[in-house]
Amino acid sequence: MAECDVSIDKNKLPGVKEVCKDFAVLEDHCLAYNLQEQEIESHLASNVNKSRLVQKDLLVAKKLQEEEDLRAKGQNQKQHTDMWLSERQDNEIAQEIQDQLVRQAEQQRQQEEKDAAIARKLQEKEMKEEKKRQKQLEANFEEEYFEDHGGRKSSTDSC
């Protein structure tokens with residue numbers, strides 16, 4: 001190899017302590033830089049994980065909310081259906097009661113008509129019996145009269 005004649009001015013060279021100090025400063029700076037880079041990477045990784053967790057939680061929360069909305073909608077529809085069925089049953093019962101009341105009123109009217117007809121017949125029968133009794137009384141009276149007056153009818157007795 002070729003020799004190199006480089007002359008170094010030894011007077012201008014720094015001392016060992018100064019070089020060690022400069023090296024220690026450079027080493028500290030490098031170490032601080034590496035620690036700062038690790039901290040930044042760790043913080044970034046933590047943020048990425050947190051962001052993923054938030055996204056997962058958001059999806060889970062959204063799914064749970066959709067399920068709750070469906071459950072509430074189903075419950076609301078069931079309540080609406082139950083109310084409709086209850087109203088329908090109430091209307092049917094009311095109609096049955098109304099029909100029954102109409103039938104009872106009709107039966108009562110028919111019974112009253114029958115009772116009135118029976119009362120008329122009884123009254124007519126009583127009137128006939130009364131007329132019959134009256135005729136019988138008149139006949140008995142005339143018979144007694146004829147017997148008392150010798151069997152003749154007077155001219156003043158004619159009606």
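From the backbone N, Cα and C atoms, a Cβ is placed for every residue, glycine too.
What TrEMBL says about a protein is an automatic prediction, not a curated fact.
Annotation source TrEMBL lists domain 'Coiled-coil' at 7-134. Secondary structure by DSSP for the domain 'Coiled-coil' (7-134): 119 helix, 0 strand, 9 coil.
Residues or ranges marked as region 'Disordered' in TrEMBL: 104-159.
Positions annotated as compositional bias 'Basic and acidic residues' by TrEMBL: 109-136 (among others).
Sequence annotations record features per position, and here TrEMBL assigns compositional bias 'Basic and acidic residues' to 147-159 (among others).
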Predicted model, mean pLDDT over the domain 'Coiled-coil' (7-134): 94
